[in-house]
Every structure is written in structure tokens, then in C-alpha cells.
């Protein structure tokens, strides 16, 4: 697998960079890691990203990478000298693996203010910033030869001598093969010839019809009329043409694949700017340019390395967790064994009470008699040799601690129901059968020693429970700390292909339900740009007579727009009314109607009706346009606005599955429109009479083709889908509530004194045929009304007295 660029790869990359990057400004410089930098070149409307890995590779990239949070000192130095400077030249010195980026000043490449970035792709590699005289200003790494600095700040960078590729003839090939050793292969011998390299040498050998593993001394004819030399000469002539082409023009790139051993996906194996003959055609993937091939090849390797590092970090964290769990389990198991051993030792003493008391008594008497400890041990050893049963069970004497160690049998030894073998351990870790060593105190009885072991067992149980709780908390804390460290230090850098940003994404945009692109500007400048640059004949311009309303354009389809008029002139009449209605909603919702909750309508015009030419003596501000001709009003816009989420299809299979989705929806919509246009005028359902009348009334000002489209739309289903009936009912209820409130307010209007006198006269002297007035009040109601009027007048007088200076006039103005 290729790990770094060869001289021919650098040559092909230089040609690509001269075409794509020269003339652009260096807008940004970023650190990807300690050896990799990302250069961002921009021009109005486009940008190019160039990734440089010191000693490894350089190419333009379409993949997004995480950048370092803090730039390095070398990156800061590059930004200081090169930001916003224009790249004037990219040169490769001969066939050396280095590139020289020149940022020339206006006065010329030799003038002060010109800078160079020299990128080396051999040995350890380096990136060097130099001035117009190639004096080093900064570099990625200082190069030492022995104890002396060969490349450092302040020194002059020595440009190597140019070593161009040469055309090889039969004489040069014969001379090279004649110098081959007795066991040297043809591929290895030709790899040292010229500046072609081993990969191209193997390609030449295979193109000549020879085997790369042929022994030169034994299998190659070096005579004057040698067919081997002639074939190699013709192959090298074709290779020279390839190398010459790589330096002059941008050519395709090729990635060779390697079959996976387990039957999985093929892996990248080699990268070349020519089609290699070493691989069959089915294992070679073609790319439009070598830069694209290099980007895909090294980005795949980079992503694989990042995944490997993340996997290693997770494995290390799991090992730490396993070690913490093992320590916890070992501590708990030790306490459980101690607990079980103390209980078993107490049982052994209880099973051998007489023997334990007898051994304690013998040793105690000897100690009380003043026998020396050494003599006592010799006595026990002598009695053991004489097969004394007590002495045989005494393992050792620990008289310094007043203890002796006895070998006690299990109470179940020799039981016919006991199937366990000697030395077998029980579940709690203690020996269930067989002799067991037990320490007993010579100044206590056997029962006292057993009780002591029972107390020890009880203490061990308490300690076990306490330790278990503490250890569990400690284990949980350790797990949380390890996982937190893993999360904070996790390799989160990713290499993902950047999505192509479409031209309309700089604006507010959406795709209508009919599949039309609708655009609106964010501000006045964008409105100006949108109309001047992107409004074409056949498009629709939508706006509203409300402050802040956005200038919205609906991009029409070229085929349907041209077919609207018999003469073939583009027209916006083919845009469905539903799309225009949605565009109107977008314009109104961005106006002050949104905050004021005002129900208003938008309008639309053809593209040729929008002009930037103002009448004589008038001036149009930025974002303002002159509309000539009739405006076509849309139905009242709903103040309902939202946002959507788009999903990108990354793999080819998903793209293939969704390729025909929009065509199918469009075909279904056209079929529905044709059906609606062919249906008679009175074929609407009775249930939708009201909706049909509304539709026809709203579409009265539309052209005949648009009216047919409106009649074919299922507005009943749309109202159910978006709950428009509930919204209308709520609006009507609110309106009725406001009207009722107004009616109640009118009914509570107090009568004047003259009106009250007239009402009393009418009640006292009604005419013979005159009916009682509709607003006749009883005495109780009239008295209540008089009291309310008196209190109202009193409150009004108090409010007028409490008003400060000027408030009365302000209130009057507000009322007006």
C-alpha cells in the first residue's frame, strides 16, 4: 500500500494546483494535527481546500476534518505573513519531491513582500516559510545534520538543482541492464534508471510483455538486435509521453484495489496518475482527476487510522475497567475465604474438644514447670517420633504469642454419606474435609478458643459487608472516572465528505408541495441580488404591501414555462396556484403582519413586470423595485411558518432507490391536472360546494389554465390535513366574542338626562295606539342605572383630578 507521494505524484498534483488554485487568495490556514495543515483558498463564489501533510502528500480535498482548537506557533506565523495574499505560482523543481508556493508582491516575484511556502515530501518532510530571497522565516521542524543546524530560522533555503526526466533509448537501457548483478531482477534494475520510479518501471516491464521477476543476467538478451531491449525502449517512450503530459495538463487518477481475504469490501492498495498494468481492469477505479483520486485514497487511510485510534482508546479503557473489577472481586473473595475459614476452624475445635483440651493441658503444664521453649520443642519432636498421638497433631509451637498450631480432623471424615474427597474446598473457600491447621491459645479452654473463632467469623462478616459496600461504590466511581476520561480524551476527529453547497442556500428557500424552488432574501442586499441575478423570464415575483415583506421569487421549470404561450415565450402562468400561495405566505410571514397578527394578502407578477428603473425624478432604494402592470392578488395568507429538515443520500443504493420518486409525484400531479381540466364545470361534489365557490372566487383573477388547476386541487383534503376548519372556527369564535363584547358595551351605554326625562314622559302618558318602547326600564332598573351613572361620573372626575399635567391632552390624542 502506498504511504506517500512519489515524484510523479507531486508532478501531477502541481499541474492540478496550477489550474485550480493559482490566482486565488489564501483566506485561512489551520492545523489538523502536528504534521498536517489545511490551506483555504477563496475567490468570490468558490473556495478550494488544500491539505498538506509534511513528507506524505498534498492535494485538494472535498472532505471536512476537525481542526485543532488552538493554532500552533508555526500556523500563527503563516497567518501573519500570508493571510489574504494571492497565490501567483506553484512550481516543482525538476523531478524532486517538493513544491514551491509563491505569493508574489505587486512589484514582482523578486521584490520585497514576496513569500514562499516550500513543501518537502521526502525523508521526514518539512514545510518552510521563506521571503523573496528564500531566507527562512519559520519552519515546521528544525533539521540537524550531526550537531549543526542545516535548516533553521535565519538561514537561506538552498534550492536543489533541477533534475528533469529524460527520454531513454536502447543504449541507456542496455547500459543499465549490463550493470545488473547475477541475481538482480528486471524490475529492481530498471527502478534505478532515471526519475521514473519503481511503480512506473514495473508498468513499463509489463507493457513490454516481460515479467518483473526475470533475472537480468540469465533471461534478458542484451545483444544489438535484442527483442527485450526493443520492447523496453518502446514502453519507455510511452512512459516518457505520460510523464511529460503529467507536467503540462490535468489528467485522470487511478486507484488500484486489493481483494479482501474474508470476502468483504475491497481495500485501496495503490494510487497512480496513470492506469497501472500491474492490476486487472476490474480492480482499478477511475477518477476524473488525480487530485480526486488522491483525496479519496488518503482520506480513506486517514479515516481508518482515526477509527483504529478510537478502538485502541476504548480497548485501553476496557482493560482498566477489567482490572478495577478484578481487584474488587479479589478483595471480596479474600474476605469471604477469611469468613469461611474462621467458621470451619471453630467447628474443628468443637469436633475435637477432648484432644484440644489435652494438648493445651500438656503444653501449659510444661510452660508452668519452667521448661525452656527449645527443650519443649525437642520434647514434642521426640514424642512425635515415638508415635505419640498428641505430639503427632502438634504442628508447631508459637509460645511467644501463647499459641500452638494443631492439625484437627473434620467431623465428617470417615462418614459413609460424605462423598467429598480430601482437600476439596466448599463454596465459601474453607476446607470441607481433611486435616486443618488451627491456632489455639494455651491459656484458654477449647470452648473459649472456639468462641474466639466464632467472634472472628462474626467480625469478618461485618467487615465483609462493609467492605463490599465501600468497594462497590469505589468500583462505580472508578468506572465513572474511566468513562469520563475516555469521553474527554476520545478521538472525535472525523473525515467526512463535504456536501456540495447549492447556490440558493445563501437565501431563505424551500421546495413547494408541487416541486418548485421558492427563494427569499434575508435582507435588502439579498433581495437586490435575488432579483437582479436569479429572476429569469418565466419566474414569478411574489411580494406583499406590508412593511418588511420579503421579495420572493418562484423558479419556474424551463420546459413548462416556455410552453405556456403558443409563441414559446416563457410565462409564469404554469406555476400552480398552491405554490404561489405558499410563496405568498413566506413573504407575509416575514413582514410586520407576523407580530401584529394582521391577516393580509400577497400578490405576484411576471418577471418582466419587475424593474429597477424608477420614474423620472424618483429614486429606488436598495431592495426596492418598480412594478409595472397589473398585480395578481393571492388569497389571504395564513400566518403559519415552519422549517424542514433535508436528508442527504450518501450511498449509491439509496440514491438509486429514490431517483424516480420526484418523477412519479410529478406524473401523478400532471395526471390529476389533466383529469380536472377534462371534468365538466358542474361535477363538483355537493359536500364541497362551499369550498368550490371559495376556490372559484379566489381564482377569478387567474388565467384559464390556472383556474383549471385550482379546480383540480383537493382543498377539502388539505383543510382536513392541516386542521384549517378548526383554525377558521377559532377565528370566527374570536370574532363573534369580540362582536358580543362590543354589543354588551353598547348596551351598557348610559342615557343622558334629556333621554331619561323623555322616557319617563312616555311611560306616564303613552299614546292610544303607541307600543311601549323596546328599551323600557322599570323603576328599579332606572334607579340602578341612575346610581351607576352617578358613580361613573364621580370616578371620571377623580381620574381627571389624579391625572398629572399633560396627561389629559395625551389621552385625548390617543383616543383620536
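Cβ coordinates are placed from backbone N, Cα and C, and glycine is handled just like the others.
Residues annotated as coiled coil in TrEMBL: 307-352.
Per TrEMBL, the feature region 'Disordered' maps to 410-435 (among others).
The compositional bias 'Acidic residues' annotation in TrEMBL covers 412-427.
Model confidence over the domain 'NFACT RNA-binding' (506-629) is summarised by a mean pLDDT of 86. Residues or ranges marked as domain 'NFACT RNA-binding' in TrEMBL: 506-629.
Taken from TrEMBL, the feature region 'Disordered' applies to 666-687 (among others).
The region 'Disordered' annotation in TrEMBL covers 736-816 (among others).
Here TrEMBL flags 739-758 (among others) as compositional bias 'Basic and acidic residues'.
Residues annotated as compositional bias 'Basic and acidic residues' in TrEMBL: 778-797 (among others).
Non-local neighbours of the compositional bias 'Basic residues' (805-816) in the same chain are absent; no residue 6+ outside the stretch has a CB under 8 Å from one of its CB atoms. Among the features that TrEMBL reports, compositional bias 'Basic residues' is placed at 805-816.
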How does the compositional bias 'Basic residues' (805-816) divide up by DSSP, counting helix, then strand, then coil residues?
-> 9 helix, 0 strand, 3 coil
Summed over the domain 'NFACT RNA-binding' (506-629), the DSSP helix, strand and coil counts are 40 helix, 27 strand, 57 coil
